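**Student:** Right, I'll just put the structure down here and ask away after.
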Amino acid sequence: MEKSWFNFMFSKGELEYRGELSKAMDSFAPGEKTTISQDRFIYDMDKNFYGWGGRSSYSNNVDLLVSSKDIRNFISDNTFFVRDSNKNSYSIYFDIKKKIFEIDNDFSDLEKFFYSYCSSSYLNNRSKGDNDLHYDSYIKNTKYNCTNHINSCIDSYFRSYICIDSNFLSDSNNYNESYIYNFICSESGKIRESKNYKIRTNRNRSNLISSKDFDITQNYNQLWIQCDNCYGLMYKKVKINVCEQCGHYLKMSSSERIELSIDPGTWNPMDEDMVSADPIKFHSKEEPYKNRIDSAQKTTGLTDAVQTGTGQLNGIPVALGVMDFRFMGGSMGSVVGEKITRLVEYATNQCLPLILVCSSGGARMQEGSLSLMQMAKISSVLCDYQSSKKLFYISILTSPTTGGVTASFGMLGDIIIAEPYAYIAFAGKRVIEQTLKKAVPEGSQAAESLLRKGLLDAIVPRNLLKSVLSELFQLHAFFPLNKN
């Protein structure tokens, strides 16, 4: 464990280096040379240190003396020895990898080095000068400022290292409300001496989470969703699940897609009570098939990997089937095949346009050849729907659409539409490379590549999908029931 200095020196003299602390820390990239002295640099915090949100300064009139090494390496796994203006000394220990943060009074060897440093020529040469009263009051107020500086450096490091959202940790003018500060200081603002304060991060390293106050996923998951690409937050009321910051398309549940496409109050589900009965008594060492079905049902609230029913799209009656990837990867078993078959037959009898939204990993292996037969069964009723009745079927491919679904009804639409950046394939990249011993070009299985090769008719963004479908139906003589 490396031991380093984290000392605060107080003076009224001329400063050698000025600027915002955040800029100073950003300038010390790993392996980067600086023009500042390799031993130490003095930093002016007077009216120059601002909050993450650009608010008023947290502390004033404190000069920070630290090593000029990279601030991230400086904090990542070190022990710091700190002394305040009241001669109180303590050590701070960080270990990012083990997620440990400790404050301790046991400084032993560090204390000797500290006092030898305090007697150095730098401190002895600092004179009070003429403004002694100002200097004394300046020193008396440094305990609070010193604490805030420690907190500021800690927060700044964690913000850059763990990508903390500034609006999450700093949402007021009072720095004392920050999460890190609450770990260091008690309500009275005094330094705590207890040990083993722990800081934990979530899987995406997007923010710091306190079990009581900052558990966003538990308290606010009904309001916000997090982008799995840039980790930005999106308001759930915007129902298209497209990141406003990076444009990434997030997965949508079948219920969300129905709500996005179907007019409110017009959805009539079909065959909701149909469940799988484990037809081949599939044996698994890890988890029985029935247990997996039960677990998926509890997680998703669905009976199987597809929802079917009828409703109105901008006033136009339609038959709609939406697959849900959350339910065992959207795999197609006997229940999925039967529900889609019944939906197509109903649409044929009622002369309704048909929409099938695909999101699947393919046939369900736990049902063996029965799952493969669903490909032929659905294709058969679609042939009657399209060829005999001359009705209109639109296939919508979302990410991912693979395997037996791609090889059957996914590619049988009169119009085949895909979402932007959707992954569409029969066999996955890994399977192809292991079978053919050839590398699969990057992006060759993306919707944009398939559109260029003529396998798709269009790529339609989610926010335009409903209006595009409405126009396509009207072009094929399917009109709203009530015209205003």
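Using N, Cα and C of the backbone, Cβ positions are placed for all residues, glycine too.
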**Student:** State the residue range annotated as zinc finger by Swiss-Prot; the candidates are 227-246, 347-366.
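**Tutor:** Range annotated as zinc finger by Swiss-Prot: 227-246.
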**Student:** Cβ within 8 angstroms of the Cβ centroid of Cys227, Cys230, Cys243, Cys246: which residues besides those meet this for the Zn(2+) site?
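**Tutor:** In sequence order, the nearby non-listed residues are Asp228, Asn229, Tyr231, Gly232, Glu244, Gln245, Gly247, His248.
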**Student:** Would you mind listing, in sequence order, the residues at least six apart from Cys243 (Zn(2+) binding site) in the same chain with a Cβ closer than 8 Å to its Cβ?
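**Tutor:** For Cys243 (Zn(2+) binding site), the qualifying residues are Cys227, Asn229, Cys230, Gly232, Met234, Tyr249, Leu250.
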**Student:** Can you name the residues of this chain that are 6 or more positions from Cys246 (Zn(2+) binding site) yet have a C-beta less than 8 Å from its C-beta?
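**Tutor:** The answer is Cys227, Asn229, Cys230, Gly232.
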**Student:** What is the total of other Cβ atoms whose distance to the Cβ of Cys230 (Zn(2+) binding site) is within 10 Å?
**Tutor:** 13
**Student:** Tally the residues of the zinc finger (227-246) by DSSP class, grouping H, G and I as helix, E and B as strand, and everything else as coil.
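**Tutor:** Per-class counts: 0 helix, 4 strand, 16 coil.
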